[in-house]
Every structure is written in C-alpha cells, then in structure tokens.
Amino acid sequence: MATATEQWVLVEMVQALYEAPAYHLILEGILILWIIRLLFSKTYKLQERSDLTVKEKEELIEEWQPEPLVPPVPKDHPALNYNIVSGPPSHKTVVNGKECINFASFNFLGLLDNPRVKAAALASLKKYGVGTCGPRGFYGTFDVHLDLEDRLAKFMKTEEAIIYSYGFATIASAIPAYSKRGDIVFVDRAACFAIQKGLQASRSDIKLFKHNDMADLERLLKEQEIEDQKNPRKARVTRRFIVVEGLYMNTGTICPLPELVKLKYKYKARIFLEESLSFGVLGEHGRGVTEHYGINIDDIDLISANMENALASIGGFCCGRSFVIDHQRLSGQGYCFSASLPPLLAAAAIEALNIMEENPGIFAVLKEKCGQIHKALQGISGLKVVGESLSPAFHLQLEESTGSREQDVRLLQEIVDQCMNRSIALTQARYLEKEEKCLPPPSIRVVVTVEQTEEELERAASTIKEVAQAVLL
C-alpha cells in the first residue's frame, strides 16, 4: 500500500513539472545555479587588489598616531613615590635612611630576626642548598618538608597537615580543590583577597552574607534549604561550604565561631577557616580561634593559614582530617604545580614552632600590647579604630569620608608620611580596587609585635594623634 502511494505521488510531481510554464522552470534553474555558485565560490579573489599610491601611503603615515607603550601615570601614583627599606623588616627598620619603629610589617612574634631561626635556616641552607627544583610530587619533597607537616599537625592537634610554598596560594588553592561548579559557598563580605581568588577559581555559586552577621547567614541557609526541598535529587549532590576568617584581614575583627559551628550542623554545611592572622596569635598556645573559643578542632572541616605572619617564614599550610588533606595532594593547584618550599624556610618555620612551644607566655604578652595601643588610639579626632583589641593588625579609618576615595587616600597618606618623618613606620592598607568584590574603605593598617616596648607603643599613639590633628583639622 505504501509503495503504491509513493508511486502515485511521484507521478503527480512529474505531471506538475510538465504542466509548469517555461518561465517558471527557467527561473528555478537560475536560482539553483546561483545557490550552487554561492556555496562553492570564494567571497573574494586574491587577484582583486589595488596598490596604494605613494601619496596615499604618505598620507596614512602622517595620520597614524602610535599608542604609548605605557599608559600615562600621575605624578602622585604610589609606584612613583616609594620608600626604600634597608635591612630586614624587624622591630626597628631603616626607611629612606632613617631608623623607624616598625608598625607596618606582619611580624607578630618578633621572630624575623631571631638568632635561633636564622641559625636553623643557615644550617639547612648548607645541607640542602637554596631550592628544591621541583614540585612536591616531582622530586621536590625533602625530609624537612615532611618534618614540618608532622610538627604542624601535632601543634594544631589534627590528623595531618600539608604545606604550600606561597601563603596567598594556600587558601586560593584549597577552596577550588573541594568546591566545584554547582556547589554553594556562603562567604563573609569582608573576606580577604586570597579567599576571593579561590572562590573565583572554584566557579561555585557564591552567596555573600553581611560581615559577622549570623542572622543574615542563617537567612541565606534557610533560603537554600527551601530550594533544596524543591529539587531533592539535585540537593543530594550539591555541597554547601561556609568560608570565614579567624581574624579578618580587612577589618581586624574576630569571627563568631561558636555560632558558625551551630549553623554548620543545623544546615549540614562544611566550614573552611582561614587563620592567617589568628594562627600564632589567639589562644593560650597560639593555636588560633578554635583554641580561643575552646572549640573542638574536629568541628572545623579545614583550617588554613600562612606562615608569613607568626612563623617568620614563607608559605602556608592546611590541616584537618587525613582524607581531607590527602585530597589536596592531587587537587591543590598550588601544591601540585608550584616548586616546593625552599628547605631553609621549612627549617626556619620548625624552629619558630619550637620557640612558640617553649614560650607560650609570648601570646599573652602580644595580647596585652595589642590592648594597650588599641586603647591609646581611642578618641583621635577625625579617625576611628576598626578592629578587636586582641588583634595585632587593625585599621585607622576616617570618621567621615570626604566623599572622594582619592581624597581620603591622600589624607591618610599624608598622616603616614608625617609619622614616617617622626620615625614611626606605618602603611596604608592596599587593595586591587577593580578586583575586590566588596572594596573596604581606605585605612591605615597598624601592626603590633611583641618586641615593641610600652614606651614605643605610647610614642606611636601620641605621634599618630598629633599628626592626625594637624592633617585633619
């Protein structure tokens, strides 16, 4: 039946072709040939090219205006007005030929120029040389790396630790090692730039909550819980992370960790804790914000910190359960594809840990000095102190902005410069303004170390007050 129908249709088509007018057939034939020509012909011919005359060439050359190799830079750009630091950035440092008390460098425990740390680094240099010439998985693992990881794990009372050769890359590599596309990350709006880069690399769904606002975080968690109920199948494969800092780099405030742990278990999320400022600072033994609050470290899924603030070294580490850390050895980009930490810096970090364990009273001394200068800087007309009294790095911001960020920066820089002239070394907090998700207001960052005496702290506070009054009033 189907064959007969097809034959009948074919007969009808042939009959219609015979009955069609001649002009109709000619037009369709021309169109078919034109389509074939368009399909197989080139859009241009190499031979069809007209050469410019000498006069036309000269006119084009005269009209051409080359772009500058380097864009114009204003004379007040920070890159053109730099300070020259001579010697190590220890308790006192020489800036532009003048000895200053250093309130700018992250050297909380004063170990940068510690003789024991220097001796350990020198001995390692003589034994191993300078570098390792490869990543950890490609002949870049030395025994001193394994010793440092073991010491860090024991110090933090975790199962295992992993070290990175660059502090910034530690949390920036750890986050995308676990959080992938489709996962959800709840992160504080004041998170540091390293966390932001890690989130960007993860390509996860990012939800920002107000700084240290647990009510706002719970609101977001509840909203996500409602979304999960609409699609249970998707929810089963979607992981939820909460990323916070122990002490926030951009605000100097401490995270409310006990409340975060409660929300973690209530809404089945994982906590990543960045402790670059709180490690070696908070807690009776310097173990960070978990020890400060008395929280079981197993309640935190991953702890990250750099070794550049308290340990007088370079690099960073992550610690936690063994299965969490082992995953980074194959998935942590900064671990797999960067040359490993130079052995001399690993040896320096081990010796710094020895000093911390032998002298736990150093943390109480640091806390006392932080409180002293924090109190002394209160009540400065035109400036406000931003940060906790126990934080060794806090900010001085303008009480009222001028309405222009550039003008605010200039005012604060004038304060910094005049303090420098009076032998107090300070610095502004610097940001990549176009890259920051939530750009903090301009500020002067003040960093405290255990080596600063009470007299030096009082002198710094009085100098800042006098200079601020002269500049702002």
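Yeah, the Cβs are placed from backbone N, Cα and C, and that goes for glycine too.
Within the model, the region 'Interaction with SPTLC2' (1-66) shows a mean pLDDT value of 77, rounded to a whole number. Feature annotation from Swiss-Prot assigns region 'Interaction with SPTLC2' to 1-66; the stated evidence is experimental evidence.
The topological domain 'Lumenal' feature in Swiss-Prot is assigned to 1-15.
Feature annotation from Swiss-Prot assigns transmembrane segment to 16-36; the stated evidence is sequence analysis.
Among the features that Swiss-Prot reports, topological domain 'Cytoplasmic' is placed at 37-473, with the record citing sequence analysis.
Look at Swiss-Prot and you will find Y164 tagged as phosphotyrosine, backed by experimental evidence. In three-state terms derived from DSSP, Y164 (phosphotyrosine) belongs to an extended strand segment. For Y164 (phosphotyrosine), the same-chain residues that are 6 or more apart in sequence and have a Cβ closer than 8 Å to its Cβ are T170, S173, G315, G316, F317, C318, G332, G334, Y335, S338, L341.
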